[in-house]
Amino acid sequence: MIFVTALFLGSFYNVLAIRLLKKQSFVYPPSHCPQCQHRLAPWDLVPLLSYLVLRGKCRYCQSPISPLYPAGELLTGLSLYLAYRHLGLQLELLPAVILISVLVLAVLTDLRKKLILDVITLPALVLLLVLRLVIGEYSFWFYLAGGLTGFGLLLLISIVSRGGMGGGDIKLYALIGVVLGPSLTLLSLVLASFMGALVGGVMILLGRWQRKETIPFAPFIFVGTFVAYFYGETVWVWYLQLW
Ligand SMILES: [Zn+2]
C-alpha cells in the first residue's frame, strides 16, 4: 500500500518538476500530452501501468512518452517504501520523506534541464531545520553542523573546480547535511563522487558524453545519500573490514 501511494506521489513529482521548470501552476492546466496537447484521461495517468499498457507512446498522437515519467514514479515508490521498511512508523520518517522527495525532484529537474531548483530546496531546508529542533537522535546542533558540513564541502569543491559544481548542488548538500549529520554527509559525498567519476569515465570512454559537458550530478547525490542515510553503518563496517 505504501509502495502504491508513493508511486502516485512520484507521478505528482513528475508534474511538479516539469511545471516548476516552466514556471507554470501545478494545478492548471490539467494534465495533457506535451506534443498534441490532448487532455489526458485518468486511465492515462496511472503510475507505471499506463506507460506499460501504452508501450511508451501517447494514446492520441503516438509520440513517445519520456521514460523519465515511469522512472520518477518507480524511484519515488521504491525509495519511500525502503525508507518505511528501514525506519518503521517513527518520527524520523518525516525528515526522511522530505529528503527523498527533494532528492527525487532534484534528479528530475537535473536530468531534464540540468537545474536544481531553489524554490524546492530552500523551503524544504527551512522546514527540516525546524523539524530538527524536535526530531532526531542527536541535538539540533549536531544536525546544524551537518548542514554546515554539506554546504562548506560543496562550496569548497565549487571554488576549487571553478564552477564545476552548481549553486543548486551546494544548497542541496546543506539540506542533506541537516538530515544526515556531519559524518554520513561526508560518506554521501564520497559515494556520490566515486560513482559519478566511475559512470562519467565510462560514458566518456564510450563516447556518450563530451569531456566538457556538465554531467547531471543529482542522480549520484541521490544514490550516495540514500546509501549513507540507511546503510551508512553497514558501509563503514564493510570498509573497515577491508583493512
Ligand atoms: Zn499526444
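Glycine residues also receive a Cβ, built from the backbone N, Cα and C atoms like all the rest.
TrEMBL labels come from automatic prediction, so no person has curated them.
Lifted from TrEMBL, the feature list:
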- 5-84: domain 'Prepilin peptidase A24 N-terminal' (DOMAIN)
- 87-108: transmembrane segment (TRANSMEM)
- 98-200: domain 'Prepilin type IV endopeptidase peptidase' (DOMAIN)
- 115-135: transmembrane segment (TRANSMEM)
- 141-160: transmembrane segment (TRANSMEM)
- 172-205: transmembrane segment (TRANSMEM)
- 217-240: transmembrane segment (TRANSMEM)
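Between the transmembrane segment (115-135) and the stretches 87-108, 141-160, 172-205, 217-240, the greatest number of Cβ pairs separated by less than 8 Å involves 87-108. By the Cβ criterion (under 8 Å, sequence separation of 6 or more), the transmembrane segment (141-160) is not in contact with the transmembrane segment (87-108), since fewer than 3 such pairs are found.
Break the domain 'Prepilin peptidase A24 N-terminal' (5-84) down by DSSP state and the numbers are 42 helix, 4 strand, 34 coil.
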